[in-house]
Amino acid sequence: MTRPTIGVLALQGDVREHLAALAAAGAAAGPVRRAEELAGIDGLVVPGGESTTISKLAALFGLTEPLRAAIRGGLPVYGTCAGLIMLADKILDPRSGQETFGGIDMIVRRNAFGRQNESFEAGVDVAGVEGGPVEGVFIRAPWVESVGAQVRVLAEHRGHIVAVRQGNLLATSFHPELTGDHRVHELFVSAVRAAG
Ligand code: GLN
């Protein structure tokens with residue numbers, strides 16, 4: 001599988017930026033909105049945006065259960081920011097009725113970096129990404145409060161976990177798709193190739 005097909009969940013959020021970053025990282029990328037489309041992809045990105053909205057729309061479009069099943073079946077998924085929240089088994093502070101796809105044994109805190117700091121950038125060293133820190137763009141970003149034994153912590157910022165991996169699932173609190181640095185997407189594309 002030299003050029004894997006990777007979908008971007010296109011319900012809400014920064015879909016276009018991920019499509020561009022995935023293409024630059026060597027994938028054939030396209031939007032995914034319907035459950036039937038899950039069968040045709042080797043991997044999936046859940047973008048940043050608003051996790052409560054993504055959760056609602058996923059339920060409305062009948063995607064929640066099929067996506068959970070695909071994750072259980074080993075589909076590689078990369079979540080950024082709201083996407084990280086969607087991959088968490090548990091949210092510390094969910095809005096009422098807010099559901100996740102789950103898959104990563106972790107507890108996340110939404111908007112953890114605080115309102116005053118709604119947006120900031122910082123260099124982040126990510127395990128498995130060579131060539132120095134990536135520029136982390138944090139926008140009302142969550143952090144990971146705690147992880148289970150199966151989860152590998154890939155990066156921390158200010159003492160908080162901001163990147164994790166569990167099996168074929170990868171998640172970052174920050175947005176590499178906004179920087180023009182495609183190394184984290186390349187890491188995911190290699191994970192998709194390895195899984196295929
Ligand atoms: N705070 C948002 C949420 O809870 C995430 C922000 C983002 O994705 N940039 O979904």
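Heads up, the Cβ atoms here are built off N, Cα and C, so glycines get one too.
Curation does not apply to TrEMBL; its annotations are automatic.
The L-glutamine binding site annotation in TrEMBL covers GLY49, GLU50, SER51, ARG110, ILE139, ARG140. Long-range Cβ contacts of ARG110 (L-glutamine binding site) within its own chain (separation 6+, distance under 8 Å): SER51, ILE85, ILE91, LEU92, ASP93, PRO94, PRO142. In the three-state DSSP reading, ARG110 (L-glutamine binding site) counts as coil.
In the three-state DSSP assignment, the secondary structure recorded for CYS81 (active site, nucleophile) is coil. CYS81 (active site, nucleophile): 29 other CB atoms within 10 A of its CB, across all protein chains. Look at TrEMBL and you will find CYS81 tagged as active site, nucleophile.
DSSP assigns HIS175 (active site, charge relay system) to coil in the three-state reduction, outside any helix or strand. Within the same chain, residues at least six positions away from HIS175 (active site, charge relay system) with a Cβ under 8 Å of its Cβ are ASP14, GLU17, GLY48, THR80, CYS81, GLY136, VAL137, PHE138, ILE139. Per TrEMBL, the feature active site, charge relay system maps to HIS175 (among others).
A 10 Å cutoff on Cβ-Cβ distances gives GLU177 (active site, charge relay system) a total of 29 other Cβ atoms nearby, all chains included. Under the heading active site, charge relay system, TrEMBL lists GLU177 (among others).
Across the structure, GLU50 (L-glutamine binding site) and GLU177 (active site, charge relay system) place their CA atoms 16 angstrom apart. Excluding the listed site residues GLY49, GLU50, SER51, ARG110, ILE139, ARG140, the same chain places GLY48, CYS81, ALA82, ILE85, ASN111, ALA141, PRO142 with Cβ atoms within 8 Å of the centre of the L-glutamine site Cβ atoms. Proximity of ARG140 (L-glutamine binding site) to non-local residues of its own chain (separation of 6 or more, Cβ distance below 8 Å) is seen for CYS81, ASN111, PHE113, ARG115, GLU118, SER119, given in sequence order.
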